[in-house]
Amino acid sequence: MSSLPTNHLRLEWVYGYRSHQCRNNALYNARDEIVYFVAGVGIVLNAEEKTQRYFLGHDDDIVSLVLHPQKILAATGQVGKEPKICIWNTTNSEVVSLLTANHQHGVGILSFDSTGELLVSIGLDPVATITVWNWQKGKIVSTNRGHTDRVFDCQFSPSDPNLIVSCGVKHIKFWTLSGNSLSSKKGIFGKVGEIQTMFSLAFGPGGTTYAATMAGDIYVWNGNNLERVLAKMHSGPAFCLTSCDAGFASGGKDGCVRLYDSQMQPLSVIRLADTPAGYSGIAVRSVDWRGSAVLAGTQDGEILEIGTEQLDRPAVLVQSHSEGELWALAPHPKKPVFATASDDQTLRIWHAGNRDCQQKARLDRKARSCAFNEDGSLIACGFIDGGFTVFRTRDLVELFSAKERKEVLHEMKFSPDGKFLAVGSNDNFVDIYDVQQKLKKVGECRGNSSFITHLDWSEDSQYIQTNSGAAEHLVFKAPAGKQVVRAAEIETIKWRTWTGVLGDCVKGIWEKYTDTNDVNAVDVNFEHEVLATGDDFGLVKLFRYPSTRKGSNFRRYVGHSAHVTNVRWLQDGCTLVSIGGADHAVFQWRLVSEGGDDVAGVGALTDGVGQSSAYLDSGSEGSDTDSSAAGGLDSDVEAEKQVNYDRFVDKAQLASGLKASLQAELPAGQKRKRAPDHGLKLDFAHGYRAYDCHRNLFYAQSGEILFNVAAIGVVHNKETNTQRFYTGHTDDILCLTVHPNADIVATGQVGKDPTIHVWEVESLKALSILKGQHERGVCAVAFSGDGRKLASVGLDDNHCIVVWDWRKGERLATTRAHKDRLFVIRWNPHDPNKLITVGVRLIRFWTVAGAGLTSSRGTFGSVAKLDTMLSACYGTDAETAYTCGASGLVYVWQGNVLSRTVKAHEGPCFALEFMPGPKPCFVTGGKDGNVCVFDDALERCARTFNLRNSNMGRGNLGVLLEDNPTVRSVMPGRNNTILAGTLNGEVVEIEKDGPLRVLVQGHRQGEVWGLAAHPTEPICVTASDDRSLRVWHLDGRRMLACRVLPQPARCCDISHDGRLIGVGFRDGSFQVLNFDSLDPVVTLRHRKEEISDIKFSPNPGKYLAVASHDNFVDIYNVATQQRVGVCKGCSSYVTHIDWDANGKLLMVNSGAREQLFFEAPRGNRQVLPKADIERLPWHSWTCVLGDTCEGVWPPKCDITDVNATSLSHDRTLLATADDFGLVKLFEYPAKGKFAKYKQYVGHSAHVTNCRWSFDDTRLMSVGGADTALLIWRHCDQTERRVAATAAAAAPLSGTAALPSDDSDTDSEEEGGYDSDVEREKRMDYASKTYQISPLRERVGKRPTEQQQAGGDGLDALRPAVSRKTPKPPKVVRGVASGDKKRPHHQHEEVADLQLEFVHGYRGFDCRSNLHYLNEAGDTIVYHAAGACIVHQVSAGTQSFFLGHDDDILCLMVNRVPKFAGVVASAQIGSADPPILVWSSRTLATLATLRGAHSVGVCSLDFSASGKHLVSVGLDSQHTIAVWRWQEGQLVTTCGGNSQRVFRAEFRPDSDSQFVSVGVKHVKFWTLAGSQLVHRRGQLSGYADGNLRMTTMLSIAFAHNGVTYTGAMSGDVFVWQEHRLIRLVEKAHQGPVFSLYTTLKDGLIVSGGKEKGGKSGGGLVKLWDQEMKRCREYNLNLSDKTAVIKSVCRVRGKILVGTKESEIIEVGEKDGALTQVARGHGEGELWGLAVHPGARQFATASDDGTCRIWDIGKKTMLHKLHSGPARSVAFSQNGEMLAAGLKNGSVLLLNTASLKLIGKRRDRGSVVSDVRFSPDSKLLAVGSAEGAVDFYQVGGPGGLSRLGYCKGLEAAVLQTDFSADSAYLKVTSASYTAQVFTAPAGEPVTDPNFMESITWQTWTSIVGPEVLGIWPKSATKGDINCAHLCHCGAAMATGDDFGNVKLFAFPVTEPEVQHKTYFGHSAHVTNVRFTYDDSYLVSVGGDDCCVFVWKCKP
């Protein structure tokens, strides 16, 4: 394989400017340099010095550009599947920030706000996503759909920081940014101008917006209204418009640039077509006006600079090809000149020295090839249609033209002698023309089976070689064209050029198995022995020449955005030109030496022109394939690289699935066996994970030692030989690092969605959990030098790097790293934005830039070969980095360039650390088993330590498995000690004077299955696949001895007397060893498959049973060492065996779930009854089958899921080891399905075995793949209580004495049932969301459908045409009252509505939703329907926040003074219900939070700092979400509980801890970074554990971690951390629905349910801080059972909200009551009537009450408990009130007293409407059964029936009397209106007569007069009500979508213009104007609210 070329390329100049599909993309920066782009390059042009700087951070076409307001920074956006936005410095081309999320396809538009802090971007996706960024932090502020049509411009308004305007295809939108909410208003064109496409925007004074349009007009917008039109500023589309200090400038398709003053008055016009640089068809796409110069970018790729003093003489700064592919490229043979030709039908000649276009010729066809002749006097051009033309070079005059072929000519070349021209076509032929014979065709090369791609002439002009699309490389004789096939002849040919991609000498350009179409062009530089290629991936590559082996190394260069179509070396051999196909760009490269010097000498081509000021090496690096310069991989490194970390099961999902299966499979009525009282505590972990980990061994600040094994982070105290543990992980920990202060640890694990835990060493408390960015696992983590950031590397295919703000749990930046494995990531301790990564043949240096990272590869140069890097560190110098590699070298880097190497080890050097301090040094560790100490300059090895048993010193706690083990990790300490971690799982400490001591050790890589406990001593034995047998002392916590075994071992056992050890091997053999010496006594093999279990018989220990996977158990005589019996009969492999106490019976389990018994020694099978199995004394019980073990098996499991059991010697506890990494403890016998247990975590994967110690004081467990031996201490009940108290201090500590969760899933609950609680639990909010079916059942077709169908539904009501006298009025107008003495009110037309007051408060299913807004207590906030109400208590006025569109369920006030007046509220909603944070002072939205919940949100609370918000959803998992509301950021979500969660509240002193309560649970949560972890409330330590969990309803807090929760039972539970410490019994008689903590004095208010007619006594109580003393308050409520749902307190006042929607204020000292607000209780609200002569109205509801309200006093006057009512009406004089009930009754009441006058019930269904006749003599009563009854008012009984209406088609909806009381119009659910006589009820059918009737009122929703109130698409909702105002000019309606609408009457046309008003949450059931039209009253159905609207003229 060829090595890298010694020379490099540097980008010298870029010819090109992208104008197509872009606008306003050529701009002046602060230095008056020109910033623009082409392809994937951002360019900064200094026109005076003629230099360029380049930004090469993009990897695809740049399509958008904007400059920061300070004009230094530029933002550019690109196309691509995952397009990125780069913000970069135009003065030095350095990346400042990368934004890489939220867009697809591309980023088409960018704009900074006036401060430069925010950036808005528009995507190229189908919905033109608009995104606002905080670009410096890389965070999304807000995002929304932009528009379904293309958006062309989007800009921040400079005068309004919250206004963004976007425009595009036939639209303009005005966006408001409020917090994280982005909402839009469409531009209203009105009649001022036509709706047309707008291309560009600019802003003027006073908030004016200017938009350049397709027609050439400029639209002037005031707000979102089109104010005026500046017509025909351009004759054709105005593509661009910009503003500057001097005014405005615009450019268009007409080729004109127009300048305007600051008032948009025209100043001058520059007609570019009329200038020397102009031409016909020139179009302007970009314009920028700076001082005395105007910059114009044209459609054809030119940038012109126009001086305002010389408008007619523009200077051409940039020229390029325009739209269409660019393929043709030819170098001049004599001069630094080259030619290009393109699909844009131009031929251009460029001067490489002057860097400009010298000549241009317009062609009549698209060109695809060109070539100069031998002296450059001629140039030929080949076209796409098969023709070609020859021009004279000096003036581009056409000399000759021919067309021999039909297909494209892709290649042509003149012969070196100038006699011939060879032309290759897609017709598969090469035609040869004689130049001297006027291009006569003289030959034809035939033989290629596909199109010609490349051709070259030989030096002597005698031969031509060709490449074809079929990968053919052929040679022909010229000029005849005969093919040459003799290899000998071909080998002698010397080629003048080599541009073909095929041939032996260019074979190395192809990677293995690569498509031969990927490389488009090659050109060989024979002089400098290099070749250049251009490929389909946008890369220019440089190879050595010749390059004869596939996969040769190369240097690659970026810049082109898509396929590079051609490359050519110029005549000097030092300049390379490359061209891009779709990007139209021409790149000029310079060949430089390794040291950066020009190979031809400086200035060789400059001709006096200044050099580029930034010769950027555009990412040159070695190939991505394996480099020949790199050494082979070491076996250990290769083994590590091949480790598989895939996890196919998510443990969290598995746990939830098992729980669901358990509940489904548990037999009905069967109770699960109780869990044991005893428990376990992890005491010691033997093991250290080294085989695939790096840098995972550290000293803590305390001097303790930190490392990982299995899923445990271990804190080891070497002085006491004790350990503490962090057990928060769920799978193998792969990496560990320490904070610079050495007091905080970060650990990363394996998993499908792996987590990183950051935890505190002292408390073992999780500080942050980071998740969601990696796959498979996290293999490396590192803290930054300042400790604020954490970097992590994933195990996904691209080994993604993520930078975190670990305290917040936020991802700051991310990037893909490399496909090969990365081992270590380190921060530069001197620069918090610099990192280094090392891995397999890789080293990269990274810089954090915004939300991304930029990188450069380490450059080895000639100092060393490429090596696999295994570790890295920094010393005292910020610019110097150190790495160690597989070759044993330490590499010293200056920047990213290797400066020198130092030999450190024989074999790989795995570890490298720097120790700062008074005597700084470097420490290394390698495979040779040595630890080396170097001086601080890394020049001299000061000392070498050999890890050998002979070097062990005092205090040694183990034995090395072998001498000189591989050292995987080293860490120097502060006391001149060094920690070394070995591949064998040993942690060794090296003293400064040389002695070693083993601190911790475990098995090395390989599964551990064998485990046995000594029969009389605290000793155990383990055997492993690592071929070692180890003896451990439990009290000493150390390894006593070990022996290397001949085979991997799978089981072991110790004889009854402790003298022998039996070990079974994987090859079917077993060995008996002497316990003391570990020497073999005997080795036997009778089986071929592995030995799965081995057991010595009990005293006298005569036999040894050996079980194998051959399905047999062999029995051996220990004394004779002979096999004496075989147990046959198992149908599958044997898994476990146990002896009875007498040593005569064997119990055997098999893989076929068999439990068999055999007699010893012969092995005869025995059959035992179940009772005998349990009764027999067993010497051991390790089997997993049988009735006594049935309960240990989880649901949906197989025989392999439980690997082992162990029965304690007192036969009370059964321990299990399973495949889920759990050790479980059951009460023995575990009969019945799914016994309860206690589970313990620590192992990472399958736990293979467990054993009790001889005295049951300890349990040992071993992990399979995690290789760990864990020692658990057995805790009894007393110890558990002590441990529980100690654990309370560390709620997230992994070292809690009992870190287990009880498996309790009981459905039992303490204490009773409550109807209110039960109803709240069962509330179905999904059916209550907006846009559902109507409340009332309807039949027939809606009016809009009748009109479409042409039916007679409306035609029947339309009168015949008549020419008689004018028709009478439809409705009586201006009649105020039936009382003639009362003067008529002067009615004004109603033109608008304003919400003035809301009667209502949602209390029936909400809690804690009523709050004081200030300490004075004069303003409160609460919610009703879809409105949040800010209520001024003293003034009685209200203001409203109406941002919601459905029922609000919860509301919370931010109690932090900094956020005074900030309120959060949330609603129901089927898909994505929003949480709105808003200001109660301005009623403006501050933030909109979405994306975490469905169905609805039932609880909100702010944290102690006010910055976090916790929310609880109503989905099936009752999701809990935590938000940073100011940023609109969802921090994390987590399933709250499977049953309803009612409340979640932050502790008043915490931003991270909160408590949730709900159905039978209370949980204590901690926000750890970006993850939530919780503990259930523990009752077991209280009242002997006999108390059961009950439903919890409310929360309050006290100091020192105390929490109070109000229970359904009326008790208040008091918790210390998560453990119950006492009960406040019967704090209330019924459920405690509400608790409130007063922050200032800590007093607590409670509200509950009181039964038994206590008249409100004790409903509200004020408690001291400990809830031991209280004061009760009597609320004097009339309800027999009163319920308090919300309480709030400020000093001296208590605010109370009731279930019945009342708000009461209680004086704290005197108990004085003030009624603040009232509303209807739960139940639909339909009935509404207005008083005929006073500003009063009546309502009737399903809550069983009828009420009369006063509008002026804003209060309720009267209330009657009538029973559920649906309709109500006043008599014409207002003295009587009629109410229709749900049971069919009608009541006649006295208005003044609501005393009953009369009552009738003639129908059995709902009375849907009641109406008094104008003369007050009749009462019409309509019902749901399709009947209207007429009653006479007065007389005996108050009501007497006179008649009824006949022939009604459906249920009655509305009724209206005629003005003369003679007729009644009835609107029914069939969408028809019928007229009847009154009181006879005879139908009236004559349309003309009906047309002549004048009606007293109009409430009907059907008829031709109201057709327009119906929307066209009212398929899911209906118009429920309508009312015509008394002036007759306006009609109000209410519909099923919660809208109140106002129309001009009559409404005869569909889709008529109207006004819509929001506030009701769902169905608006009734609307009524007051008698004087001064107010409109509306009522909501489900929201139970009354809205009073002020009418405005």
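Cβ coordinates are placed from backbone N, Cα and C, and glycine is handled just like the others.
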Taking 1286-1320, 1741-1775 as the choices, which stretch does TrEMBL tie to region 'Disordered'?
1286-1320
If you look at how TrEMBL annotates this chain, which of 340-360, 613-633 comes out as region 'Disordered'?
613-633
Which range out of 51-305, 326-591, 722-989, 1008-1274, 1437-1705 gives the domain 'EML-like second beta-propeller' (1725-1991) the most CB pairs under 8 Å?
1437-1705
So which of 51-305, 326-591, 1008-1274 is most in touch with the domain 'EML-like first beta-propeller' (722-989), counting Cβ pairs under 8 Å?
51-305
Structural state census, the repeat 'WD' (402-436) (DSSP three-state):
0 helix, 19 strand, 16 coil
Residue distribution over DSSP helix, strand and coil in the repeat 'WD' (1084-1126):
0 helix, 24 strand, 19 coil
Can you count helix, strand and coil residues in the repeat 'WD' (1728-1759) using DSSP?
0 helix, 20 strand, 12 coil
